[in-house]
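S.K.: Below is one structure. I have some questions about it.
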Amino acid sequence: MPPSGLRLLPLLLPLLRLLVLTPGRPAAGLSTCKTIDMELVKRKRIEAIRGQILSKLRLSSPPSQGEVPPVPLPEAVLALYNSTRDRVAGESAEPEPEPEADYYAKEVTRVLMVENTNKIYEKVKKSPHSIYMLFNTSELREAVPEPVLLSRAELRLLRLKLKAEQHVELYQKYSNDSWRYLSNRLLAPSDTPEWLSFDVTGVVRQWLSHGGEVEGFRLSAHCSCDSKDNTLQVDINGFSSSRRGDLATIHGMNRPFLLLMATPLERAQHLHSSRQRRALDTNYCFSSTEKNCCVRQLYIDFRKDLGWKWIHEPKGYHANFCLGPCPYIWSLDTQYSKVLALYNQHNPGASAAPCCVPQALEPLPIVYYVGRKPKVEQLSNMIVRSCKCS
């Protein structure tokens, strides 16, 4: 036997004994993953989440607990948080790895439509079958200084009761009173209000790059060739002038707005620096009596588990983690057996076998205080929704 074979012999003896003791069975389901105590796994996961949240917010330590004002959240901040939470709830998780720019938390900003009583609407050539929503681009640029920082932009409208089904179309304000078609939506009859959302990320990026002082959208009824009536039947919150007092204030707050998610400028400066991606549970493989790799529920209470009072909303969330066996086949007659043996020799704490890891993750919107100022941000990849063997 050559010298290299003698050096590998001690590594192969345990596997040979296993094959001799179990004749007639393939070497399937073998794993070098370590058995981890469940409570230890949960504690490690909680500590990883603690570091992940601070890292995504670019904080070296939690803000002072005494800085949190003991008062209810302002209505505008709460409305912004609820809009962000509802949007996340309506989206499916992205299983692909996030780009480097998506690692850090996104600052969420709400830019309200200019009230329809403003004189700037007089400059727009109107149609009786449409509603018009104008925005000051100066407010957009204040929220997002550079177009490249914008991650997503949505136009959100609160649709009130609708008696009959209607097909509507959204247009972008173009040059010389012309309008460019963007998308359409078929609205079903409903007795309850409903938020409508349109992805306008590309349009807002254009406005940030070379837009005018005022830009906007038009919502119109779909005009089919065989229909004589193209009246817009949809009642959108913010376009009725019959309300007074506090009701008018609430009505105005829920008028159409742009929901912007962008990387803050100070965080963007770190995007080009080299860093090692943080990943939860990469140092551990799990095995249990479960039949398959699966999602295990883990609820994080910010006060109880992390000792934090500075995150105002939510009070906690289901972070979850992945757990379960990942069977694989490793036989002695494969050309990779020596490579795997050497890998284990040089990486005794690692596993050459596939392990149960997150596949689909979802973001987490939060409201937290910086001094006495509340902020709404979205933390990417915080909730495990599905797992895979990798």
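Glycine too: its Cβ is placed from the backbone N, Cα and C atoms.
Not my notes, these are from Swiss-Prot:
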type: SIGNAL; residues: 1-29; note: signal peptide
type: REGION; residues: 30-74; note: region 'Straightjacket domain'
type: REGION; residues: 75-271; note: region 'Arm domain'
type: CARBOHYD; residues: Asn82; note: N-linked glycosylation site
type: CARBOHYD; residues: Asn136; note: N-linked glycosylation site
type: CARBOHYD; residues: Asn176; note: N-linked glycosylation site
type: REGION; residues: 226-252; note: region 'Bowtie tail'
S.K.: Under DSSP, is Asn82 (N-linked glycosylation site) part of a helix or a strand, or is it coil?
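M.R.: The residue in question, Asn82 (N-linked glycosylation site), is helix (DSSP, three-state).
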S.K.: Taking every protein chain in this structure into account, which of the glycosylation sites Asn82, Asn136 has the most other Cβ atoms within 10 Å of its Cβ?
M.R.: Asn136
S.K.: To the nearest Å, how far is the Cα of Asn136 (N-linked glycosylation site) from the Cα of Asn82 (N-linked glycosylation site)?
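M.R.: Each residue's Cα considered, Asn136 (N-linked glycosylation site) and Asn82 (N-linked glycosylation site) end up 23 Å apart.
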S.K.: According to DSSP, collapsed to three classes, what secondary structure does Asn136 (N-linked glycosylation site) have?
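M.R.: The three-state answer is strand.
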